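**Student:** The N-linked glycosylation site annotation in Swiss-Prot covers Asn14, Asn18, Asn117, and the record cites sequence analysis as its basis. The annotation topological domain 'Extracellular' is assigned in Swiss-Prot to 1-34, 94-124, 167-196, 252-286 on the grounds of sequence analysis. Among the features that Swiss-Prot reports, topological domain 'Cytoplasmic' is placed at 52-76, 142-149, 216-234, 304-321. The transmembrane segment annotation in Swiss-Prot covers 35-51, 77-93, 125-141, 150-166, 197-215, 235-251, 287-303.
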Amino acid sequence: MEVKLDFSSEDFSNYSYNYSGDIYYGDVAPCVVNFLISESALAFIYVLMFLCNAIGNSLVLRTFLKYRAQAQSFDYLMMGFCLNSLFLAGYLLMRLLRMFEIFMNTELCKLEAFFLNLSIYWSPFILVFISVLRCLLIFCATRLWVKKTLIGQVFLCCSFVLACFGALPHVMVTSYYEPSSCIEEDGVLTEQLRTKLNTFHTWYSFAGPLFITVICYSMSCYKLFKTKLSKRAEVVTIITMTTLLFIVFCIPYYIMESIDTLLRVGVIEETCAKRSAIVYGIQCTYMLLVLYYCMLPLMFAMFGSLFRQRMAAWCKTICHC
């Protein structure tokens, strides 16, 4: 590329810059990346997800609170999924308020960032503790302490604390900018900040939990096939469904985020075409991730005995009517 600048000594007299000539940059121009979905379509999707989230999770949470005396350890972790998805509903509501420029400031931006990142970090850790609990129930089936509901309560609290720790860095660097932007920024170091946050997010909420979950489920499957448990087929089905749902809905987003990190640190050469493809990929896979967290309690509540029994009773009542 050849850049032609027509300067003369008069342009720099008294340390001033008075250039008015033409600059030819050839085919060089800033990358313009448009959003894949329009603002109106995005608002409609957010409203739809908010309604599905609020109605579905309210049903599951109501069932848990009404029949809490019959709850088991897994049911407490199912309730954690409900609370997590309700935090996501709070984020969707605040995102809609920001799109219409209603009641936004830095404090509300930080609250929005907390709701979003808490919901993203909390679900993987709940899945980790579900796999740990499943492993304990298989390996320590004869121990009474494993079957106590206190285990589920402790695991739920631990997962919440770990999720808050993951969300905190995002909240600290989020600021509000007119007219309606909540941005993670650190002045001239914003690019390095986002690279670090992406790396932390990938390892803390994806690679680490996935590694622990795979180990626990592998040990559980090995133990199941070595013994003759009466519910072996049911447990294997639950483990398979849990893994498949995570692979289909979550892994694509983390793959795109990892590619974006590699692009930012220079491992992959950046071009406008690559940048556009990554942005579009992140937008699509992010929608899948949000949909997964919205529907997660309904899908996983079917594995919990409390909700499954109540649903069966309601269906029988409806059929008799």
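Even glycines carry a Cβ here, placed using N, Cα and C.
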**Student:** Residues sitting near the topological domain 'Extracellular' (94-124): Cβ under 8 Å, six or more positions beyond its termini, same chain?
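**Tutor:** Same-chain contacts beyond the ends: 39, 42-43, 46-47, 50, 80-81, 84-85, 87-88, 159-160, 162-164, 166-167, 170-171, 174-176, 179-180, 182, 184, 201, 204-206, 209-210, 289, 293, 296.
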**Student:** Any chance you could find the range in 35-51, 77-93, 125-141 with the most Cβ pairs under 8 Å to the transmembrane segment (150-166)?
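**Tutor:** Per the Cβ under 8 Å count, 125-141.
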**Student:** Under 8 Å between C-beta atoms and at least six residues away from its ends: which parts of the chain pack against the topological domain 'Extracellular' (167-196)?
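**Tutor:** For the topological domain 'Extracellular' (167-196), the list is 98-99, 101, 104-106, 108-110, 112-114, 116-118, 120-121, 261, 264-265.
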**Student:** Please list, for the topological domain 'Extracellular' (252-286), how many residues fall into helix, strand and coil according to DSSP.
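**Tutor:** Result for the topological domain 'Extracellular' (252-286), in helix, strand, coil order: 28 helix, 0 strand, 7 coil.
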**Student:** With DSSP as the reference, give the number of residues of the topological domain 'Extracellular' (167-196) in helix, strand and coil.
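**Tutor:** Summed by class, the stretch gives 16 helix, 8 strand, 6 coil.
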**Student:** Write out how many residues of the topological domain 'Cytoplasmic' (52-76) are helix, how many strand and how many coil, based on DSSP.
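**Tutor:** Summed over the topological domain 'Cytoplasmic' (52-76), the classes give 22 helix, 0 strand, 3 coil.
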**Student:** Please give me the CB contact count at 10 A for Asn117 (N-linked glycosylation site), counting all chains in the structure.
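**Tutor:** I count 24 other Cβ atoms within 10 Å of it.
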**Student:** What are the DSSP helix/strand/coil residue counts across the topological domain 'Cytoplasmic' (142-149)?
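**Tutor:** Its residues fall into 4 helix, 0 strand, 4 coil.
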